[in-house]
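Heads up: the structure comes next, in structure tokens.
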Amino acid sequence: MADLAPAGDYRSSYREDMTIFPTRNSRLAVLAGLILLCASPLLLGRYELGILINIGTLGIAALGLNILVGFTGQISIGHAAFFGFGAFASAWLHERWHIPVALCIPLAGIMTAFVGLIFGAPAGRLKGLYLAIATLAAQFILEDFFARAQWFTGGVAGRITEPFSLGSWVADREESYFYVVLAYVVVMYLGAANLIRTRDGRALVAVRDHYLSAEVMGINLAYYRTLSFGIASLYAGIGGALYAHYLLFVSVEAFNILFSIQFLGMVIIGGLGSVMGSLMGAAFMVVLPEVVQAGADALSGSAIDRALKLGASISFLREMAVGAAIILFLIFEPDGLARRWRLIKSYWKLYPYSH
Amino acid sequence: MDWSLLLQLTLNGLIVGALYGVVAMSFVLIYKASQVVNFAQGEFLLVGAWVCWWMLTEWQLPFWMGFLLTLAFMTAFGLILQVVVLRPLIGEPVISVIMATIGLGIFFQALMKWIFGVFAKPFPPIFTTERVNLLGLEVQTVYLLSLGISLVIMAGFAWFFTASKHGLAMRATAFDQQVAQSLGISVPKVFAMSWAISAVVSSVAGIVVGVVNGVSSALSFYGIKVFPAVILGGLDSVIGAVLGGLIVGVLENWAQYIDSAWLNWGNMYAIAPFYALILILLIKPYGLFGTKNIERV
């Protein structure tokens, strides 16, 4: 019932049906939300802003993965490697070629997209679990490359990155860097929402829904599969570059398989095939460890803490929470937070007459 | 070239490869019976090895008793996983099922780290003679034992699938679920059984590796090394899995030799199988023995 339009919402053309924000109230809500976000550096502390920045950077990469997994039906277990490639590419471009950081971020995205296309070319022929395994191999190969390519990643020592700057404005603190991330999030999410509405976007969805029918209808399967891999890598690269210039340090070990799985978890938890769901999933995955930490802190010193060694093993607890969250969502809410959100919205839209 | 070193490495590769083959076989078992790609296969090794270690060191049980208890535990473990996690996902898209097993994998890996810590712990010694001389090569007894156990398991699988009633039911289910059902085979039971057997067999491999190298979370990497092996052999072929395991075992040792002799890239031991995997997927995605899936509309 969630997809029914309420009474009084007349759509008389295809164009009207395809608008991203269909009603005046929804446009106002988006505007209000943006204004609130713009004001948040004045309202929130550094810790909360840091969480928001993480949600933004990871959310961009998760959106890329969602375009690949949720819209095209391809699976990738190597997303963190591409995310990491973007981070290193941006740092390398700045240090080696002295390109300003503001330019490095989109360039790193493009570089990552090319690497994604290289891995995506064989991926265009594969699907389902074969692709999953191929991307798993890509994850290990890229991780190995990071550890070995000293000229690019700084090797085991990692690489120090410069803060984002535009003219004389330097975004070296949470309060200022937040705006950079926010701008990218808005641009990338609008881009994805619009991509889905185009001919190419519909082709991707057709490939997901029934690839044989799609091929019969004249959609070039290999082309669109490779394309979606490229787009996913572009998003991962930009997310990674933003991540690099926030932390100001990129380490080789950070982009392991667990990180890749977390990206997949974001997409599953947020909702496969939902643009805003990617952001919700990223938020969930960023907040979850903090909640686990807070829970352990609340119990610290108590008998449970002493019996289970909560404090010392907090990182394992976080990993367990990630795994459990993925499994529970798959079993109980396979369409993710996006569907929950839609249900809540439609409940309030039709409030006293919910049926 | 150092021929004796190469021979030694090949032998090592065959011994480790036989273990890969065993794990790959239990992976293929699940895939064949229930079409689930199990990314948590390595965690079966890990859980089995830790449980056995715990019984031997904490409870001071004799080896055979701890071993049998571990097998019993792993049977229950596999059954419970299938019934609680995988059964609700029957009919869901491949991605969901893959993700569920990945979720299981990280959950149990973290759980084991939490309970037993991150450091490798040795098994209590089981055999007295450490090394024997075999055709002029020094071989550790445990390695020979592991090779023997692998061969026994493989023979057991061969018997199970060709002669036993349950094995035949499993093959029938793998061939066509609806036809199997119409012949009176309980498909959910077959699914549950395949998970239980897979968990048990993997845990045997895990215990063997644990006895040789000590138990640590590195064991779960066997679950990932399985992928090159099964892709090479063909995802749904038991013989292919064994052969793929052996080839991967030898390949990584040779890669290490080539690396240390000429390339000096480092880490080729761990990475070479994945390069091979990508190549195989490009050239022959259905592997050596896998059935080529022809799709009709």
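In case you wondered, yes, glycine gets a Cβ from its N, Cα and C as well.
Fair warning: this is a prediction, and the values are worked out from it, not measured in the lab.
Copied from TrEMBL, the annotated features are:
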TRANSMEM  A:28-45  transmembrane segment
TRANSMEM  A:51-69  transmembrane segment
TRANSMEM  A:76-93  transmembrane segment
TRANSMEM  A:99-121  transmembrane segment
TRANSMEM  A:128-147  transmembrane segment
TRANSMEM  A:176-196  transmembrane segment
TRANSMEM  A:266-288  transmembrane segment
TRANSMEM  A:308-332  transmembrane segment
With pairs 6 or more apart in sequence, are the transmembrane segment (A:128-147) and the transmembrane segment (A:266-288) linked by at least 3 Cβ pairs under 8 Å?
no
Under 8 angstroms for C-beta pairs, at least 3 of them, ignoring pairs fewer than 6 apart in sequence. Is the transmembrane segment (A:266-288) in contact with the transmembrane segment (A:51-69) by that rule?
yes
Who are the chain neighbours of the transmembrane segment (A:308-332) in space, where the CB to CB distance is under 8 Å and they lie at least 6 residues beyond its ends?
258, 261-262, 264-265, 268-269, 284-285, 288-289, 291-293, 296, 299-300
Counting Cβ pairs under 8 Å that are 6 or more apart in sequence, does the total for the transmembrane segment (A:76-93) and the transmembrane segment (A:51-69) reach three or more?
yes
By Cβ distance under 8 Å, which residues at least 6 away from the ends of the transmembrane segment (A:51-69) in the same chain are close to it?
40, 44, 75-76, 79, 82-83, 174, 177-178, 181-182, 184-185, 188-189, 192, 195, 204, 228-229, 231-236, 238-240, 242-243, 246, 263-264, 266-267, 270, 272-275, 277-279, 281-283, 285-287, 290
Remote residues contacting the transmembrane segment (A:28-45) - C-beta distance under 8 A, at least 6 residues beyond either end:
21, 52, 174-176, 178-179, 182, 186
